[in-house]
Amino acid sequence: MGEKIGVIGAGSWGTTLANLLAKKGLDVTLWAYEPELVAEMRATRVNTLFLPGTELAAGLAFTNSLEEAAAGKDVLVLVSPSQVMRSVLTQLAPLLKPGVTLVNASKGIELDTLMTMDQVCGAVLPPAVAGRFCVLSGPSFAREVAQEMPTAVVAASADLEAAAQVQRLFTAPYFRVYTNSDVVGVEIGGALKNVIALAAGISDGLGLGHNTRAALITRGLAEMNRLGRAMGADPATFAGLAGMGDLVLTCTGDLSRNRTVGMKLGQGMRLAEILGEMRMVAEGVKTAESAWRLASQMGVDMPITEKVYQVLYEDKPARQAVLELMTRDPKAERG
């Protein structure tokens, strides 16, 4: 008998992943916070709020009961925003059976503690559960995966058996999964690419051109690499799907929420106004603060992240931030 799978979070990505698994004939239950959304998905087989236009698999079950979604499950996919992950895990802890595989598909750094999601998991859950933690990350817009456009991602875990299990479950003709053991690197790549996407969006909103965006992506990758190495990551990870791959997609794609927020900032809108218009979470807004604080604490030079933080939280004019980046003291490219 196959694994029973719960997916926690019915936003665009959670719904897409649940549907991918259910289309393979797997036993999948999708949890949504909103009872009315659960009722709608049961009645129409469509998540019109977060994934309109995609028909959901006939075998996919829906619930707003965490117990129903999590109790007795062999695999639990976590797709809640990173800033509420601790709260969600705390509620899930008494429901989880020993040996369950946890798959984190959220990207961020906890603001209060500056922990990555695997660190939050280790702090909240007993070792028997936290040890089978896997991160699923890479360049993957939900809408394109839902439309079965070819996509490649990474499943990273210190437990190679867990990574292989996640690879097997999620692999589909249009969804290729590679394994990796560098959890820290994959988590940092997924979190920081959203911050650099804000910078790329600001640049686009200011009309600064392709040269500027390319410079931000490349130097943003250097910042990702520096912080990752300081935290014990393998630098090679950042040349892969969870690093450069996700960074390029999020900094250039029109479906990128973080790039969209940045563009509107560059065009002169206020952050509160932008966020008030959004239905889904742009993780980079909170991650900009947590990443900048983490870099400061660890003594890591991250000037782009610093300027994004200042534009978001200190009302620094976007053009001034760009000028300050361009007039920093000259230095060697590496180092």
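Each position is counted from 1, following the chain as shown.
Note that Cβ sites are derived from N, Cα and C of the backbone, with glycine treated the same way.
Here's what Swiss-Prot has on this protein:
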BINDING   Ser12, Trp13, Lys107, Ala142, Arg257, Val281, Glu283  NADPH binding site
BINDING   Lys107, Gly138, Ser140, Lys193, Asp246, Ser256, Arg257, Asn258  sn-glycerol 3-phosphate binding site
ACT_SITE  Lys193  active site, proton acceptor
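Feature map: annotations from Swiss-Prot on the structure.
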| residue | record | contacts (Cβ under 8 Å, 6+ apart) |
| --- | --- | --- |
| Ser12 | NADPH binding site | Asn47, Phe50, Leu51, Ala142, Arg143, Ala146, Met280 |
| Trp13 | NADPH binding site | Val79, Ala105, Ser140, Ala142 |
| Gly138 | sn-glycerol 3-phosphate binding site | Thr151, Ala152, Val153, Val154, Leu241, Ala242, Gly245, Asp246 |
| Lys193 | sn-glycerol 3-phosphate binding site | Lys107, Gly220, Met224, Gly243, Asp246, Leu247, Thr250, Cys251 |
| Ser256 | sn-glycerol 3-phosphate binding site | Phe141, Ala197, Gly201, Leu249, Thr250 |
| Arg257 | NADPH binding site | Met278, Met280, Val281, Ala282 |
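When each of the binding-site residues Ser140, Asn258 is scored by how many other Cβ atoms sit within 10 Å of its Cβ, Ser140 comes out lowest. Long-range neighbours of Glu283 (NADPH binding site) (same chain, six or more residues apart, CB within less than 8 Å of its CB): Pro81, Ser82, Ser106, Lys107, Gly108, Ala191, Asn194, Asn258. For the binding site of sn-glycerol 3-phosphate, formed by Lys107, Gly138, Ser140, Lys193, Asp246, Ser256, Arg257, Asn258 according to the record, the largest Cα to Cα distance is 15 Å, rounded to a whole number.
Ser12 (NADPH binding site) falls within a helix when secondary structure is assigned with DSSP. A sphere of 10 angstroms centred on the C-beta of Val281 (NADPH binding site) encloses 19 other C-beta atoms. The maximum pairwise C-alpha distance among Ser12, Trp13, Lys107, Ala142, Arg257, Val281, Glu283, the residues recorded as binding NADPH, is 15 Å.
DSSP assigns Asn258 (sn-glycerol 3-phosphate binding site) to a helix.
The binding-site residues in question are Lys107, Ala142, Asp246, and the one with the fewest Cβ neighbours inside 10 Å is Ala142.
DSSP assigns Lys107 (NADPH binding site) to coil in the three-state reduction, outside any helix or strand.
In the three-state DSSP reading, Val281 (NADPH binding site) counts as coil.
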